[in-house]
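The block underneath contains the structure these notes are about, expressed in structure tokens.
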Amino acid sequence: MESIFHEKQEGSLCAQHCLNALLQGEYFTAVDLASFAQQLDEAERERMAEGGTTTAEYQHFLQQPSSNMDDSGFFSIQVISRALEVWCLRLVPVTSQEYLETSEHPTQEQAFICNFREHWLSIRKLGYQWFNLNSLLIGPELISDTYLSLFLAQLQQEGYSIYSVRGTLPECEADGILRISPAVQLERPKLISEVNKQREKDEGRSSDASTGEQSSQEDDPELAEALRISRQENELDDKSLQEALRLSMQGYLENSPHQGQDLMPESSVVSSSVPPSHPTQQTTSHPTKEPDPVDLDELRQRRQAFFERQQTNPASPDKGPPAEPGQDRPHPVENDVSPVDSLPDEDSSREEPALHICIQPSDTYLQLNLLS
């Protein structure tokens, strides 16, 4: 169907569309047909002038408009016949004796031209199929052989003048293509006027809907105010949602493992290099506990008892032998540690370190020696 040449109606140039559809090409323009019309008018004027240019008939003829064309673009059957003569084609009315004697069935013809109320259309056989090439349709209409006779009879009843085209039509591409691949049409093409009317109706509905909505808002100020408040609330909701999303993302970044991997409890931070025998050499993250104040009299008494035990058992050395590697030094009980007789009273700051050293059980011998 795409290979078929079809011109849609423009103005009143149906005669031009009819001829080009019949010949399957842009062979004629409105100017060409107007030229043929002027030639016919001149030929008619010359025939009328043969009876005398001063006669009343001739003067009346000059005052009449052309019968072969008008300002709207209509052209007479004489103009169409003159244009077809260029291609050695002629028109034969289907009601004439010539057609009735030579034609047994419409399917044996090759084309028809129809006219009704200054509208022209062509019907042509392309390949082995018939097509209605009316320019008022949005496309060619497929006509079966059975329906062709009924279609022509219907046009005659509606008042159409039908002409059979005799002669050899020029070859066209659509004729060769449709001989190989016949056309299939599932839906009849619509009239251009119906399509335009439907489009205008749809546009009118959309325009009425928009106009009605606008006018309803103008007529009802309360409705317009309610719509405005609703739009503002929607905008506020959108802003609140965006702010909540921003705060949520910010909290997620602050609590992510990469951000807080250095935040560890202080109680779990202990230096692994400090041996268990020196608990005072822990990490500085723990607060230092100040020693409790010590009574000086009690300290002197402990030192005096220690020297008395040394005099009772003189074989006991002041210092114990050094501990073998990997062995623990002896840890004397708390009663074996006694304060010395005299401790300088003038420097109270030295008493606290002395007591602090004495209570370390792993360094008993060294501590006692320093105190003595």
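Cβ coordinates are placed from backbone N, Cα and C, and glycine is handled just like the others.
Because TrEMBL annotations are produced automatically, they should be read as predictions rather than curated entries.
If you look up TrEMBL, you'll see 1-180 marked as domain 'Josephin'.
Counting only same-chain residues at least 6 apart in sequence, those with a Cβ under 8 Å from the Cβ of CYS14 (active site) are GLY73, PHE74, GLU118, HIS119, TRP120, LEU121, SER135, LEU136. The active site annotation in TrEMBL covers CYS14 (among others).
Under the heading active site, nucleophile, TrEMBL lists CYS14.
Summarising the annotation, TrEMBL assigns active site, proton acceptor to HIS119. The number of other CB atoms found within 10 A of the CB of HIS119 (active site, proton acceptor), across every protein chain shown, is 17.
Residues or ranges marked as active site in TrEMBL: HIS119 (among others).
The feature active site is assigned by TrEMBL to ASN134 (among others). Cβ environment of ASN134 (active site): LEU121, GLU141 lie under 8 Å away, each six or more residues apart in the same chain.
Taken from TrEMBL, the feature region 'Disordered' covers 191-223 (among others).
Residues or ranges marked as compositional bias 'Basic and acidic residues' in TrEMBL: 191-206 (among others).
Summarising the annotation, TrEMBL assigns region 'Disordered' to 254-356 (among others).
According to TrEMBL, the compositional bias 'Basic and acidic residues' annotation covers 287-301 (among others).
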So if I exclude everything within five residues of the ends of the compositional bias 'Basic and acidic residues' (191-206), which remaining residues of that chain have a CB under 8 angstroms from its CBs? That is, six or more out.
8-9, 136-138
